[in-house]
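Asks: Okay, handing you the structure first.
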Amino acid sequence: MSKEYEHLFKFVLAGDSGVGKTSILFRITDDTFTETHITIGIEFKIKTVYIEGKPIKLQIWDTAGEKRFRVHNSHYRGCHGVIIVYDVTDQRSFENVPSWIEDIRRYANENVIKIIIGNKNDLVSQKVVDPFLAQEFADSLDIPFKEISAKQSINIEEAFISLVKLCINRIEETSLKKTQSPEKNNCIIN
């Protein structure tokens, strides 16, 4: 009997309320768009993607962005990647990204992979967050960055695939380090 999937990755969507985390979740898992669903607390959906023909199962957790529902350490426990989302039409949501990064630093595994996502890039005339500034900020933290649109399905798949590939690379690097044992010094003491 063969395995159903090559890897299982838990991803958490984090960011302020109203930035479109739920819309991203529905777009990536069901290829649908909704503006009316309200997340209370936390929920998750499953998505299988294929990398080099191998099935990779994603467990994607959607979190409410309100302070009273803020993600805590139990939500980050065991996660492989965090998608930090801000709204390109809401400067404050971008200014709060460092606070979300601090929560991740505090509660998640130190090796968790992060990506910063600017959602709603289809609203060109309402854009207030400069994408070059956002890219510069992400680069300064060595975190990948993408602008997307959950509504128009722009760059969503690409963002998730890049996160999956980073997770696979991390696993392969870790595995390689474990198999390479340091050279032993042959020392004879008389």
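In case you wondered, yes, glycine gets a Cβ from its N, Cα and C as well.
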Asks: With Swiss-Prot as the source, which of 37-44, 101-108, 141-148, 165-172 is set down as motif 'Effector region'?
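Replies: Going through 37-44, 101-108, 141-148, 165-172 one by one, Swiss-Prot gives motif 'Effector region' for 37-44.
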Asks: Can you tell me whether DSSP puts Gly15 (GTP binding site) in helix, strand or coil?
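Replies: For Gly15 (GTP binding site) - judged by DSSP and reduced to three states - the answer is strand.
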Asks: Under DSSP, is Lys21 (GTP binding site) helix, strand or coil?
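Replies: Helix, per DSSP.
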